[in-house]
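As recorded in TrEMBL, the features of this protein are as follows:
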type     : residues : note
COMPBIAS : 88-100   : compositional bias 'Pro residues'
DOMAIN   : 108-266  : domain 'At1g68980-like TPR repeats'
REGION   : 84-107   : region 'Disordered'
REPEAT   : 277-312  : repeat 'PPR'
REPEAT   : 462-496  : repeat 'PPR'
REPEAT   : 568-602  : repeat 'PPR'
Amino acid sequence: MQIGRFPSSRHRFRNQLIKAFRVRSRSLLWQTVEHLNGKHTSPPMRALLRLRRRLPLPLTARLSFFSSEPHEIPTIYSFLQPSIFAPRPRPQPPPPPSPPAHDTAPRKTLPVADAEALESDLLAAVAEDRTDDAWLAFKSLAASSRPPSPRAAAALVSHLAGAGGAHHRLGLKRAFAAAVFLLEKSPHAAPVPEPAIGALFSALAAAGSAAPALALARAMLRCGRRLPAFPVWGHPLIELTRDDAGAFAAFLKVFDEACKLVVGEKAPAEAAAMRPDLTACNAVLAGCCRRLGSVADAERVLETMSAIGVSPDVESFGSLAFLYAWRGVSSRVDELDTLLDALGFSKKGFFKNLVSGYLKSSNFESVSSLILRAVKEHRVGYGNVFDQESYSEVAQCFVDHARIRELAQLIIQAQEIELTQQPMSVEDSVGFGIVNACVELGLLNKAHSILDEMTAQGASVGLGVYSSILKAYCKEQKTAEAAQLVAEISAAGLQLDAGSYDALIDASMTAHDFQSAFALFKDMREARLPELRSSYLTIMTSLTENNRPGLMASFLDSVVDDPRIEIATHDWNSIIHAFCKVGRLEDARRTYRRMVFLRFEPNNQTYLSLINGYVSAEKYFNVLILWTEVRRKGTEFNHELIDAFLYALVKGGFFDMAMQVIDKAQEFKIFLDKWRYKQAFMETHKKLKVAKLRKRNFRKMEALIAFKNWAGLNT
């Protein structure tokens, strides 16, 4: 079979797919062929299939070029033509031009010494970034009978291709002209080494110059030399032409010619280096399928892949599925479907591409049928049937064509199927996928219209369909719309999930509607939802950020007995710290007492918050009482707590308790900075006289003397 004359019959299409998978199991594919052909396969065809020749099919000289019109650029022989990067207009074909003068004019013979000197000058000019001098040396060599060596050519082309600034475009022109000239005129086997060719193609791709890049590729094909490795020139060309249908059509012709050379290459190693890899072939196939929309071109590329020994994969079949769905070739879709089953490939990408193809052709009925089929075949635990990109594409296309009713019907039918399957998460449902896609696309009103349409059709709307809209209303602070939707959910007899409640509570807290948040949390508890922790933290965090310790204490007290909420010491610490921060020390003390009464164990952070609050209000006696209590409990002291107690007691003048703190520090081997407490004493008790204390309180006097001796205040 010849690639250029691809048959249109079903039997030959099947044979082509089988040849593409020659490296796979023979028995598996033979079963697939038997299934596709049935009893109507002729004996000669069966014999041909059994033969299963391992040699690739030849690409003969009759391999036809692709039908798309290429961007033609005339071959450049002059180095001074300024318009080589722009496709020239095509008026009525002029008479054939006379051959360029330099093609017929005899070249002057240059002595070897002079040629070597010129080449040395060229290399020196490149090394010293003297572009014009390098170009003049190259022109002199090119005009003689001794063209530059591959080493000099590589240096020049790479240098010119990498020229920057104002010389960038001129450098590209010169590099292109030099490369074309050397490919066509140089006697060397590889006149421009692969690195230099790669640098030039990359520079042309970066400049978006498709026409000269294609012309350079044609020059490589035309010169009759071995092609460089495909990644060197093919990959830049693919990237350069993939978004331009005309340029891509021209590239297809180049790709076709290159593959003929690969098939004709007798040395396996050379053929392997020249062969396009699977990624490149898939990119070319995708261009035919998605950019050109040509069934003939796509199937010709598929046959070319078979001929050069590149087996298609899931991505290849995905591109074909998109094309056949777009062009309405249902028989090909069925054959691909069966082949994927036989090969054991996942159909997730296959379904995704079919949906995209059907949408492109506005075949909405096929889109709905395919989605429902995918839901039926979906296995719970394997994630969503389709990804967010597919759902967004479906939602956008249906909405653009005013097909809200059809979307609602699709969700209703999908829900009926989903109810018969094992339980799945809300996010895995089709309804959630489509409605959430509308929300993500900014079509919130359209999403609500889908709900209204479903209700109008008498369908029970699943919670997953409501959930995405409700969260979007909460995110946009549309509390009125959210409240209306909650009422609709309740009227439908549905129970909100924890995620929806959390979104509503977060919106209420953001709007400072604390009472609504408390009411919602109460509803969550009464609905016996198992997960309350997230919403609890949302409320507590927001109240902390808004400095509402009173509401924090009230809320915590109301939920402290709920076993679903793991309340710990740090929750009480947050309230105590918030009270101390706003100066409500009595409330902080009361919260501390409540915490101890409920048998939550205070920690160092609890005491630090209280001490700092008392010191800020200069209530040092409260620190004294707290120290007595903490000391009696036998708390494990750290440096921070010892320091806070000692500083506060010194500021308050309770030197007997201060000495107890010092004793504890020595017991736990905690280092204390005496200078800090000496400063605290001097700031508060500088005028305190020991003689006056002796008359009033002998024990206090002794404690004062002991502290001053410890702090070094008596020296």
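Each Cβ is built from the backbone N, Cα and C atoms, and glycine gets one as well.
Curation does not apply to TrEMBL; its annotations are automatic.
The model shown is predicted, which means the values in this text are computed figures rather than measured ones.
In the repeat 'PPR' (277-312), helix, strand and coil residues by DSSP number 29 helix, 0 strand, 7 coil. Predicted-model confidence for the repeat 'PPR' (568-602) is 91, expressed as mean pLDDT. As a summary of secondary structure, the repeat 'PPR' (462-496) carries 26 helix, 0 strand, 9 coil according to DSSP.
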